[in-house]
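As written in Swiss-Prot, here are the features:
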TRANSMEM  20-39  transmembrane segment
TRANSMEM  92-112  transmembrane segment
TRANSMEM  137-157  transmembrane segment
TRANSMEM  159-179  transmembrane segment
TRANSMEM  206-226  transmembrane segment
TRANSMEM  228-248  transmembrane segment
TRANSMEM  260-280  transmembrane segment
Amino acid sequence: MSRSVLQGFWLLMRADKPVGSYLLLWPTLWALMIAAQGLPPWHITGIFMAGVFVMRSAGCVINDYADRKVDGKVDRTKARPLVSGVVTEKQALGLFATLVGVAFLLVLALNWQTIVLSLGALALASVYPFMKRYTHFPQVVLGAAFGWAIPMAFMAVTEAVPAIAWWLFAINVLWTVAYDTQYAMVDRNDDLQIGVKSTAVLFGQYDRLIIGLLQLSVVVMLLGMGQYLGFTLSFYVGVLLASVLFIHQQRLISGRARQACFSAFLNNNYVGMAIALGIAGHYFM
(Lines of atoms letter the chains of each structure in order from A and count residues from 1; the text may use other names and numbers.)
(Lines give C-alpha, C1' and ligand atoms only; values in the text may rest on other atoms or scores of the structure.)
Protein backbone atom coordinates (compact mmCIF):
# COMPACT_ATOMS: atom_id res chain seq x y z
CA MET A 1 0.00 0.00 0.00
CA SER A 2 1.45 3.36 -1.03
CA ARG A 3 2.40 6.11 1.37
CA SER A 4 -0.16 8.45 -0.20
CA VAL A 5 -2.97 5.97 0.50
CA LEU A 6 -1.82 5.59 4.12
CA GLN A 7 -1.79 9.37 4.46
CA GLY A 8 -5.27 9.39 2.95
CA PHE A 9 -6.41 6.87 5.56
CA TRP A 10 -4.95 9.09 8.28
CA LEU A 11 -6.92 12.06 6.97
CA LEU A 12 -10.10 10.00 6.47
CA MET A 13 -9.91 8.99 10.13
CA ARG A 14 -9.42 12.67 11.12
CA ALA A 15 -6.42 11.55 13.15
CA ASP A 16 -4.94 14.97 12.40
CA LYS A 17 -7.97 16.63 14.06
CA PRO A 18 -8.37 14.98 17.47
CA VAL A 19 -11.00 17.37 18.87
CA GLY A 20 -13.78 15.02 17.72
CA SER A 21 -12.24 12.22 19.75
CA TYR A 22 -12.02 14.49 22.78
CA LEU A 23 -15.70 15.43 22.45
CA LEU A 24 -16.52 11.72 22.51
CA LEU A 25 -14.03 10.96 25.28
CA TRP A 26 -15.17 13.47 27.91
CA PRO A 27 -18.76 12.16 28.31
CA THR A 28 -17.36 8.63 28.38
CA LEU A 29 -15.10 9.59 31.28
CA TRP A 30 -18.01 11.33 33.04
CA ALA A 31 -20.00 8.11 32.84
CA LEU A 32 -17.14 5.83 33.90
CA MET A 33 -16.39 7.91 37.00
CA ILE A 34 -20.03 8.21 38.03
CA ALA A 35 -20.70 4.52 37.42
CA ALA A 36 -17.65 3.51 39.47
CA GLN A 37 -18.23 6.27 42.04
CA GLY A 38 -14.60 7.14 41.59
CA LEU A 39 -11.83 5.44 39.68
CA PRO A 40 -13.16 2.82 37.25
CA PRO A 41 -11.19 -0.41 36.65
CA TRP A 42 -8.13 0.31 34.54
CA HIS A 43 -8.85 -2.32 31.92
CA ILE A 44 -12.36 -0.97 31.36
CA THR A 45 -11.05 2.59 31.13
CA GLY A 46 -8.40 1.53 28.63
CA ILE A 47 -10.92 -0.32 26.47
CA PHE A 48 -13.26 2.66 26.36
CA MET A 49 -10.48 5.14 25.62
CA ALA A 50 -9.23 3.01 22.73
CA GLY A 51 -12.80 2.45 21.58
CA VAL A 52 -13.43 6.20 21.50
CA PHE A 53 -10.61 6.74 19.03
CA VAL A 54 -11.44 3.71 16.90
CA MET A 55 -15.19 4.33 16.63
CA ARG A 56 -14.78 8.05 16.07
CA SER A 57 -12.35 7.21 13.27
CA ALA A 58 -14.82 4.70 11.81
CA GLY A 59 -17.56 7.31 11.96
CA CYS A 60 -15.43 9.82 10.09
CA VAL A 61 -14.61 7.28 7.37
CA ILE A 62 -18.25 6.32 6.75
CA ASN A 63 -19.23 10.00 6.90
CA ASP A 64 -16.79 10.84 4.11
CA TYR A 65 -18.00 7.84 2.12
CA ALA A 66 -21.60 9.02 2.44
CA ASP A 67 -20.64 12.59 1.48
CA ARG A 68 -18.25 11.72 -1.34
CA LYS A 69 -20.60 13.15 -4.00
CA VAL A 70 -21.18 16.48 -2.25
CA ASP A 71 -17.89 17.19 -0.47
CA GLY A 72 -16.38 18.51 -3.69
CA LYS A 73 -19.00 21.28 -3.72
CA VAL A 74 -18.11 22.56 -0.26
CA ASP A 75 -15.04 24.76 0.24
CA ARG A 76 -14.05 23.16 3.55
CA THR A 77 -14.27 19.58 2.30
CA LYS A 78 -13.31 19.66 -1.37
CA ALA A 79 -9.78 18.36 -0.70
CA ARG A 80 -10.83 15.28 1.30
CA PRO A 81 -9.16 11.99 0.23
CA LEU A 82 -12.25 10.45 -1.38
CA VAL A 83 -12.93 13.61 -3.36
CA SER A 84 -9.33 13.99 -4.53
CA GLY A 85 -9.10 10.30 -5.45
CA VAL A 86 -6.20 9.55 -3.11
CA VAL A 87 -8.39 6.86 -1.51
CA THR A 88 -10.90 4.79 -3.50
CA GLU A 89 -14.43 3.98 -2.36
CA LYS A 90 -13.49 0.32 -1.93
CA GLN A 91 -10.47 1.22 0.20
CA ALA A 92 -12.61 3.50 2.37
CA LEU A 93 -15.17 0.76 3.00
CA GLY A 94 -12.34 -1.66 3.79
CA LEU A 95 -10.91 0.79 6.31
CA PHE A 96 -14.34 1.25 7.90
CA ALA A 97 -14.81 -2.51 8.22
CA THR A 98 -11.33 -2.87 9.74
CA LEU A 99 -11.98 -0.18 12.34
CA VAL A 100 -15.35 -1.67 13.26
CA GLY A 101 -13.65 -5.06 13.60
CA VAL A 102 -11.04 -3.61 15.95
CA ALA A 103 -13.77 -1.95 18.02
CA PHE A 104 -15.64 -5.25 18.26
CA LEU A 105 -12.49 -7.04 19.44
CA LEU A 106 -12.11 -4.39 22.15
CA VAL A 107 -15.68 -4.74 23.39
CA LEU A 108 -15.34 -8.55 23.53
CA ALA A 109 -13.23 -8.01 26.65
CA LEU A 110 -16.30 -6.58 28.43
CA ASN A 111 -19.43 -8.32 29.76
CA TRP A 112 -22.00 -9.71 27.34
CA GLN A 113 -24.55 -7.02 28.15
CA THR A 114 -22.12 -4.32 27.01
CA ILE A 115 -21.37 -6.30 23.86
CA VAL A 116 -25.09 -6.29 23.03
CA LEU A 117 -25.32 -2.55 23.71
CA SER A 118 -22.36 -1.93 21.40
CA LEU A 119 -24.52 -2.94 18.44
CA GLY A 120 -26.49 0.25 19.03
CA ALA A 121 -23.30 2.28 18.75
CA LEU A 122 -22.49 0.64 15.42
CA ALA A 123 -26.00 1.28 14.09
CA LEU A 124 -25.94 4.95 15.09
CA ALA A 125 -22.46 5.53 13.67
CA SER A 126 -23.50 3.90 10.40
CA VAL A 127 -26.78 5.76 9.84
CA TYR A 128 -25.73 9.23 11.04
CA PRO A 129 -23.92 10.31 7.83
CA PHE A 130 -27.02 9.62 5.74
CA MET A 131 -29.46 11.52 7.99
CA LYS A 132 -28.58 14.94 6.55
CA ARG A 133 -30.31 13.88 3.33
CA TYR A 134 -33.63 13.16 5.03
CA THR A 135 -33.92 15.29 8.15
CA HIS A 136 -32.81 18.64 9.53
CA PHE A 137 -31.84 16.88 12.76
CA PRO A 138 -28.73 14.82 11.95
CA GLN A 139 -27.16 16.50 14.98
CA VAL A 140 -29.60 14.64 17.23
CA VAL A 141 -28.48 11.32 15.75
CA LEU A 142 -24.85 12.39 16.21
CA GLY A 143 -25.63 13.21 19.84
CA ALA A 144 -27.06 9.75 20.35
CA ALA A 145 -24.03 8.19 18.64
CA PHE A 146 -21.58 10.24 20.71
CA GLY A 147 -23.54 9.53 23.89
CA TRP A 148 -24.03 5.80 23.42
CA ALA A 149 -20.79 5.15 25.29
CA ILE A 150 -22.58 6.43 28.42
CA PRO A 151 -25.02 3.51 28.89
CA MET A 152 -22.25 1.18 27.72
CA ALA A 153 -19.94 2.52 30.44
CA PHE A 154 -22.54 2.00 33.15
CA MET A 155 -23.26 -1.50 31.89
CA ALA A 156 -19.56 -2.37 31.77
CA VAL A 157 -18.92 -1.14 35.31
CA THR A 158 -22.18 -1.97 37.13
CA GLU A 159 -23.96 -4.46 34.83
CA ALA A 160 -26.96 -2.11 34.82
CA VAL A 161 -28.06 1.11 33.15
CA PRO A 162 -29.79 3.23 35.83
CA ALA A 163 -31.96 6.27 35.19
CA ILE A 164 -29.06 8.63 35.90
CA ALA A 165 -27.21 7.12 32.92
CA TRP A 166 -30.04 8.13 30.59
CA TRP A 167 -30.16 11.58 32.22
CA LEU A 168 -26.46 11.96 31.44
CA PHE A 169 -27.12 10.63 27.94
CA ALA A 170 -29.77 13.33 27.43
CA ILE A 171 -27.35 16.00 28.64
CA ASN A 172 -24.82 14.84 26.10
CA VAL A 173 -27.36 14.83 23.26
CA LEU A 174 -28.35 18.44 24.02
CA TRP A 175 -24.72 19.50 24.26
CA THR A 176 -23.85 17.75 21.00
CA VAL A 177 -26.73 19.40 19.14
CA ALA A 178 -25.50 22.77 20.43
CA TYR A 179 -21.86 22.37 19.39
CA ASP A 180 -22.56 20.56 16.14
CA THR A 181 -24.95 23.34 15.16
CA GLN A 182 -22.03 25.72 15.63
CA TYR A 183 -20.00 23.42 13.39
CA ALA A 184 -22.80 23.32 10.80
CA MET A 185 -22.96 27.12 10.77
CA VAL A 186 -19.53 27.05 9.11
CA ASP A 187 -20.95 25.26 6.05
CA ARG A 188 -24.48 26.66 6.09
CA ASN A 189 -24.22 28.71 2.90
CA ASP A 190 -22.79 25.74 0.99
CA ASP A 191 -25.38 23.39 2.49
CA LEU A 192 -28.23 25.66 1.38
CA GLN A 193 -26.94 25.60 -2.18
CA ILE A 194 -26.56 21.82 -2.43
CA GLY A 195 -29.60 20.83 -0.36
CA VAL A 196 -27.87 19.34 2.68
CA LYS A 197 -29.99 19.54 5.84
CA SER A 198 -28.82 20.50 9.34
CA THR A 199 -30.02 22.22 12.47
CA ALA A 200 -28.06 25.30 11.40
CA VAL A 201 -30.13 25.45 8.20
CA LEU A 202 -33.38 24.79 10.09
CA PHE A 203 -32.77 27.29 12.90
CA GLY A 204 -31.75 30.07 10.52
CA GLN A 205 -31.73 33.47 12.23
CA TYR A 206 -32.70 31.84 15.53
CA ASP A 207 -29.53 29.74 15.64
CA ARG A 208 -27.85 31.66 18.46
CA LEU A 209 -31.02 31.71 20.54
CA ILE A 210 -31.64 27.99 20.20
CA ILE A 211 -27.99 27.14 20.84
CA GLY A 212 -28.20 29.29 23.96
CA LEU A 213 -31.34 27.50 25.14
CA LEU A 214 -29.67 24.14 24.56
CA GLN A 215 -26.62 25.25 26.53
CA LEU A 216 -28.82 26.55 29.34
CA SER A 217 -30.64 23.21 29.42
CA VAL A 218 -27.30 21.41 29.71
CA VAL A 219 -26.30 23.56 32.68
CA VAL A 220 -29.66 23.11 34.44
CA MET A 221 -29.60 19.34 33.91
CA LEU A 222 -26.01 19.14 35.17
CA LEU A 223 -27.01 21.04 38.30
CA GLY A 224 -29.95 18.68 38.79
CA MET A 225 -27.65 15.69 38.40
CA GLY A 226 -25.25 17.17 40.92
CA GLN A 227 -28.04 17.59 43.47
CA TYR A 228 -29.35 14.07 42.88
CA LEU A 229 -25.90 12.48 43.27
CA GLY A 230 -24.88 14.69 46.19
CA PHE A 231 -21.89 16.15 44.40
CA THR A 232 -19.62 18.53 46.29
CA LEU A 233 -18.38 22.03 45.47
CA SER A 234 -15.75 21.02 42.93
CA PHE A 235 -18.43 19.71 40.55
CA TYR A 236 -20.27 23.01 40.65
CA VAL A 237 -17.05 24.87 39.96
CA GLY A 238 -16.71 22.70 36.85
CA VAL A 239 -20.27 23.54 35.79
CA LEU A 240 -19.58 27.23 36.40
CA LEU A 241 -16.51 27.06 34.16
CA ALA A 242 -18.59 25.30 31.49
CA SER A 243 -21.19 28.07 31.76
CA VAL A 244 -18.54 30.76 31.28
CA LEU A 245 -17.28 28.90 28.21
CA PHE A 246 -20.82 28.75 26.81
CA ILE A 247 -21.10 32.53 27.22
CA HIS A 248 -17.77 32.92 25.43
CA GLN A 249 -19.07 30.76 22.59
CA GLN A 250 -22.15 32.95 22.27
CA ARG A 251 -19.88 35.94 21.82
CA LEU A 252 -17.85 34.08 19.20
CA ILE A 253 -20.87 33.18 17.06
CA SER A 254 -22.56 36.56 17.41
CA GLY A 255 -21.44 37.67 13.95
CA ARG A 256 -21.84 34.18 12.44
CA ALA A 257 -18.39 34.42 10.82
CA ARG A 258 -17.20 31.00 9.66
CA GLN A 259 -13.90 30.93 11.53
CA ALA A 260 -15.50 32.26 14.71
CA CYS A 261 -18.20 29.58 14.58
CA PHE A 262 -15.52 26.94 14.11
CA SER A 263 -13.59 28.36 17.08
CA ALA A 264 -16.76 28.14 19.17
CA PHE A 265 -17.13 24.50 18.19
CA LEU A 266 -13.51 23.75 19.16
CA ASN A 267 -14.01 25.50 22.49
CA ASN A 268 -16.40 22.74 23.55
CA ASN A 269 -13.41 20.52 24.24
CA TYR A 270 -12.80 22.69 27.31
CA VAL A 271 -16.46 22.40 28.32
CA GLY A 272 -16.17 18.62 28.43
CA MET A 273 -12.87 18.89 30.28
CA ALA A 274 -14.29 21.29 32.88
CA ILE A 275 -17.16 18.94 33.67
CA ALA A 276 -14.82 15.94 33.82
CA LEU A 277 -12.52 17.77 36.22
CA GLY A 278 -15.50 18.77 38.34
CA ILE A 279 -16.66 15.15 38.62
CA ALA A 280 -13.11 13.98 39.32
CA GLY A 281 -12.76 16.66 41.99
CA HIS A 282 -15.83 15.34 43.78
CA TYR A 283 -14.54 11.78 43.88
CA PHE A 284 -10.82 12.34 44.41
CA MET A 285 -10.45 15.51 46.48
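The chain as shown is numbered from 1 upward.
Cβ from N, Cα, C; glycine included.
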(message) So if I exclude everything within five residues of the ends of the transmembrane segment (228-248), which remaining residues of that chain have a CB under 8 angstroms from its CBs? That is, six or more out.
(response) 34, 164, 167, 212, 215, 218-219, 222, 264, 267-268, 270-271, 274-282, 285
(request) Mind checking which residues of the chain, 6+ beyond the ends of the transmembrane segment (137-157), have their Cβ under 8 Å from one of its Cβ atoms? (result) 23-24, 27-28, 30-32, 34-36, 40-41, 44, 47-48, 51-52, 59, 110-111, 113-114, 117-118, 120-121, 124-125, 127-128, 131, 165-166, 168-169, 172-177, 180-181, 184, 197-199, 202
(message) Below 8 angstroms Cβ to Cβ, which residues of this chain, lying six or more residues outside the transmembrane segment (159-179), approach it?
(response) 23, 27, 30-31, 34-35, 111, 113, 117, 139-140, 142-144, 146-148, 150-151, 153, 199, 211, 214-215, 217-218, 221-222, 224-225, 228-229, 264-265, 268, 271
